Amino acid sequence: MLTLNVIKAIILGIVEGFTEWLPISSTGHLVLVGSVLKMGESKAFMDMFNYVIQFGAILAVVVLYFHKLNPFSPQKNQLEQKQTWTLWFKVILAVIPSVIIGFPLNDWMDEHLMQNWVVASMLILYGILFIVIENRNKQRTPKFADLNTLPWLTAFWIGCFQALSIIPGTSRSGATILGAILIGTSRFVGAEFSFFMAIPTMIGVSILKIGKFFYQGNTFTGDQSIILLVGMVVSFIISIISIKFLMGYIKKNDFKVFGWYRIILGVLVLGAMFL
């Protein structure tokens, strides 16, 4: 049983690592894949598992962008250190809407909207939005092509888009990148800022889920600890690959391919539900 669950944890870790950073909804994919790959664990554990393996994905961002995010780096001059601190304060500002809106509604969303039809609907809706906005921006020059020039108010509005991602199937990265592009950032700046916003957001949600798990009187078994560790390690490795792929891809391409993917997957899910 443990061996089979480890294999399933590896698969879910791969799904998390790829889909967390691509704008296609990691939670949506985990819900869909998890409905097929049943581990035989309690619902409380699986709800917590789907969020806790995000620690691996978060670590990937920290590792890849450590120099850029480290204000204490001796390789940075005084101006660069100041810019790094400013970036962090903008990230904190951007996270506030999710704290105010997302955290209080998180449990309600999990209970009422963590369903395949909701995931499918959001996949389709945001897929259409990606295609429409990319077509609209085809001949436009981004107003903000450098992360250091991103205005404070723009950072806050991007954070408001992140708050929308509490609906399963939306995609945290998808909502923030879409919002950033809509406001006027380049794809590259929108993606990077989305990654950095993920650090406090995902750590906060994961801690919340772990706290809820233990508050309800649950404990980890030895096997469950192994499953969690495997999921996090795999998520970390795949996230490294996923982030590098995305940042290389958007240097020459737009997000429409992800929009079409979302629409096709959403239609397939809805079709499967009604067959």
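From the backbone N, Cα and C atoms, a Cβ is placed for every residue, glycine too.
Owing to the predicted nature of the structure, the values given are computational and were not obtained by experimental measurement.
Swiss-Prot annotations:
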{"type": "TRANSMEM", "residues": "4-24", "note": "transmembrane segment"}
{"type": "TRANSMEM", "residues": "44-64", "note": "transmembrane segment"}
{"type": "TRANSMEM", "residues": "85-105", "note": "transmembrane segment"}
{"type": "TRANSMEM", "residues": "113-133", "note": "transmembrane segment"}
{"type": "TRANSMEM", "residues": "149-169", "note": "transmembrane segment"}
{"type": "TRANSMEM", "residues": "188-208", "note": "transmembrane segment"}
{"type": "TRANSMEM", "residues": "226-246", "note": "transmembrane segment"}
{"type": "TRANSMEM", "residues": "255-275", "note": "transmembrane segment"}
Worksheet entry | Considering the transmembrane segment (255-275), which listed stretch of 4-24, 113-133, 188-208 counts the most C-beta pairs under 8 Å | 113-133
Worksheet item: Are there residues at least 6 beyond the ends of the transmembrane segment (44-64) whose Cβ is under 8 Å from a Cβ of it, and what are they?
Response: 9, 12-13, 16-17, 20-21, 26-27, 30-31, 34, 110, 195-196, 198-199, 202-203, 205-206, 209-210, 212-213, 216, 218, 224, 227-228, 231-237, 239-240, 243-244
